[in-house]
Structure formats: C-alpha cells, structure tokens
Amino acid sequence: MPKNLFVSIVGRPNVGKSSLLNRLLGEKIAIVSDKPQTTRNRITGVLTEGETQYVLIDTPGLHKPKSKLGKFMVKQAGDSVSDVDAVILVTEWEGPVTGAERELLEGIERCGVPAVLAVNKIDTLAEKTGMLQKISAFAALFEFAAVVPISARTGEGMDELFHELDPFCTEGEHFFPDDTLTDQPERAVVAEILREKLLRNLRDEIPHGTAVLIERMREREDGKMIDIDATIVCERESHKGIIIGKRGAMLKKIATEARLDIERFLDIPCNLQCWVKVREGWRDSDTQLKNFGFREDS
Ligand SMILES: Nc1nc2c(ncn2[C@@H]2O[C@H](COP(=O)(O)OP(=O)(O)OP(=O)(O)O)[C@@H](O)[C@H]2O)c(=O)[nH]1
C-alpha cells in the first residue's frame, strides 16, 4: 500500500533547513547561503523511496512564528491537504533555546502535529556536553516524538531521521509522480534563464513556441560542481535548426550565456548540457503542458 508523509522543515533562520532539504533529496534545489533568510518562499522537495513518498517543505526562517504558524503550516502543505503529518524542527547543537524557537514550539503544540527535533551541525561538535544541554532544554519545553543529532553537511543522521518519521506516514496514493523531485523554485529559475537566452538570441525567428525542461540537476559529491541537463523543446524541425545554428554555434552561445548566469545564481560551477527536441503542437496538448510544468492555476 502506498504511503505519504507531508513534513514541514521549520526552525529559526540559518540553522540549516535548506541544507537539510538538499541533503535529504541528494539534489540541490534549495538555495543555501550563510546569510539568514535565504529561503524566500516555501520549497517543496519530493522523495519517493519504496512505497513511501515524502513531501518535504522547506520554509523561510521564522521570525514571528506565533501569529503565522497555523496559517503557514496549512498553506505550506498545499491545497490538496489541510495539514502536515509531522514537523522537523531544526536547531543547532550550540547555544540556548531562543525566544523564536519557544514561540515556534507553542505554535506546533497548538497545531497538534508530531515533531522530531533535528539537532544540526554536529560535524562541528567537539564534545557532547553542549549538545546534551541543548537537547534537555528542548525536551523540557515539548514532548518530541524523537530527537536526532544530524549534520546536513556530512549526511550523518539522515537514515535515523527518516526512520523516526516513518510512524507518521498515512496510507494513500502518492500525490506526485514518483520521479518528482521538487515543485521547485531553483529548477524553474534555471529554466527561465535558459529561456531568456533563447529569446534574446533568436528574437523573432523563434516565436514563443519553445519551452525548457530541466531534466537533471545534481550537485557532485564533492560539492564543487553542479551538472544540469536541459532540453529545449520547439515546435518545428526548422526551429530546431535555427536554435542549434551552424555547426552548433547558436546553441553553444545560448548555453554559455545561460551557464554564466546559472553559476552566478547558484554560486557553484555548472556543467550545462542542452538538447533540442521537436514536439509538434506541444502548446495544445494538456499532457505535455503539464509535463513542462504549466499548471492550471498559473
Ligand atoms: N558545519 C555545518 N554547517 C551547516 C550545516 N548545515 C548548514 N550549515 C551552514 O549553515 C548556513 C545556513 O544554512 P541554510 O541551509 O541556508 O539555513 P536555513 O535554515 O535554510 O536558513 P534560512 O534560509 O535563513 O532560513 C550555511 O552557511 C550552511 O552551509 C551542517 O550540518 N554543518
């Protein structure tokens, strides 16, 4: 029987929520930076493992959770469900429990959602005392379903985290196709950058009959490079020829310009591979539109 788990990743700014989401998905979809509040919108990551589909919702660091949490939890989980099944509250092992975290806990309590405390950045932990103090301070405030020390940076604790979330899964058909990774700001932005370069370089020659699909976006193990495979879809064979250009010169120009922008945006060197495919009449096909990420509500 298929199972689903909608889980919100919450916590104060800069504790590593986006890093955790990326680590859980093994894919760079959320922007990570050392500046608080990098995550401006919710980012949903989708991970299907065996029978279970995890829908992971990364959220902006909360400054005023008290007034917002209830609404926000419901909203984050999307229109199709009214609430999340569980919350991962991310904190750092270092330092006291902050006022913002207390308020966040009150909000979680009010919603009645089970919560797992993920104590992050343990790769920088010299001795355990600091972390234990933090855990007992949290445990005094809220009855967590589990406490899991993790490092979003090294991947430590990820299996335990999934294991602890397992009891909160609900049975039912998966909400997303099993190969979905995200509903995705970053992929969308990367696609937009490519589309912009296409439109700029080709102007009137190719009207609006092109779409860009980001087929793969994966950061290498060493974190030094991101591989992106993109498909440019056009409506006619003749358009394909124009996009590719003489001996591939146009496609190379478009891809290079896009790569430079993408590298700036993601702040990581990028290996961008582009393909051009013809799909006649794709704009009139509902199925193809959906595949290209156009939704009814957009
Ligand atoms: N040492 C260490 N640093 C980490 C770890 N996880 C995240 N960081 C760093 O902490 C900083 C913040 O990480 P983010 O993932 O952007 O944090 P966030 O909670 O999503 O931040 P907001 O978007 O502001 O809410 C970045 O500099 C990360 O590299 C970890 O496990 N270990």
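Each residue, glycine too, has its Cβ placed from N, Cα and C.
For 3-171, the entry in TrEMBL reads domain 'Era-type G'.
Under the heading region 'G1', TrEMBL lists 11-18.
Annotation comment: TrEMBL describes 11-18, 58-62, 120-123 as GTP binding site. For Ile122 (GTP binding site), the Cβ neighbour count at a 10 Å cut-off comes to 19, with all displayed protein chains included.
The region 'G2' annotation in TrEMBL covers 37-41.
Positions annotated as region 'G3' by TrEMBL: 58-61. Mean model confidence of the region 'G3' (58-61) amounts to 57 (pLDDT, 0 to 100 scale).
Marked as region 'G4' by TrEMBL: 120-123. Long-range contacts of the region 'G4' (120-123) within the same chain: residues 15-16, 19-20, 90-94, 131, 149-154, 156-157, each at least 6 residues beyond the stretch ends and with a Cβ under 8 Å from a Cβ of the stretch.
For 194-280, the entry in TrEMBL reads domain 'KH type-2'.
Ranking the binding-site residues Gly11, Asn14, Lys17 by how many other Cβ atoms lie within 10 angstroms of each Cβ puts Asn14 at the bottom.
Mapped onto DSSP classes, the domain 'KH type-2' (194-280) shows 38 helix, 27 strand, 22 coil. Listed in sequence order, the binding-site residues among Asn14, Lys17, Ile122 whose CB lies under 6 angstroms from an atom of ligand 1 come out as Asn14, Lys17.
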